[in-house]
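Quick notes on the structure that follows.
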Amino acid sequence: MELLLLGRGIQGVGAGGLMPLAMVIFGTTFTVEQRMKLQGLFGVMAILPQLVGPIIGGYVVDHISWHWVFFINLPVSLLAALLMSLGLHEGKQRESRSIDYAGALTLMGSILSLLLAPVLIENKGLAWTSPLVLALLGASAALLVLFILVERRAKEPIIPLRLLRNRNIVAMALLMFTVMCGLMGASSSFPYYAQIAMDFSATVSGYF
């Protein structure tokens, strides 16, 4: 189990940057007209793996080994790298950008502490009032405050705080947060329910 969790953690760190990286490439490489078309195509291509991936993953777990759930990404990643090297060309315009490392670390620490608290409650049987859980929640709040202070002084912040003054942006962010909570919650819970409660195989559970 420890190896599985470690592998998923490493996989998540790499995969977490792919979505914003694609948006950055759209914004810096293509014109406004091209971006609209590409974002529509990107949405379709982003949905397709979410439909096919769980089915393939379930089949691999049932008939081969769960270890291959990680190994199967290697040829897919190599193919993606080859296609990018052939079809994506770097623009001639170069700008010197500063990376907000402090903002990234404080935000990551705040989110990680917040997510780790309910995990310990579920897996270790701790209560919400236990010292460790309270310490994690307190650390999350403290790091969030520190993140806001860092972003105010950062030359190029990860999240420009001035965007929060725009009601349209705030409304869209809250809407996306609500939608993704339901979507990710359902997509994560249904396969477990199919396997544990309905006693389906991993392959069949992938259809859920």
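Cβ coordinates are placed from backbone N, Cα and C, and glycine is handled just like the others.
According to TrEMBL:
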| type | residues | note |
| --- | --- | --- |
| DOMAIN | 1-208 | domain 'Major facilitator superfamily (MFS) profile' |
| TRANSMEM | 12-32 | transmembrane segment |
| TRANSMEM | 41-60 | transmembrane segment |
| TRANSMEM | 66-89 | transmembrane segment |
| TRANSMEM | 101-121 | transmembrane segment |
| TRANSMEM | 127-149 | transmembrane segment |
| TRANSMEM | 169-194 | transmembrane segment |
Tertiary contacts of the transmembrane segment (169-194), as residues 6+ beyond its ends and Cβ separation under 8 Å: 50, 54, 58, 163, 200, 204-206, 208
Residues of the parent chain within Cβ reach of the transmembrane segment (101-121), under 8 Å, 6 or more residues beyond its termini: 127-128, 132-133, 136-137, 139-141, 143-144, 146-147, 150-151, 154, 157-159
Overall pLDDT of the domain 'Major facilitator superfamily (MFS) profile' (1-208), taken as the mean: 82
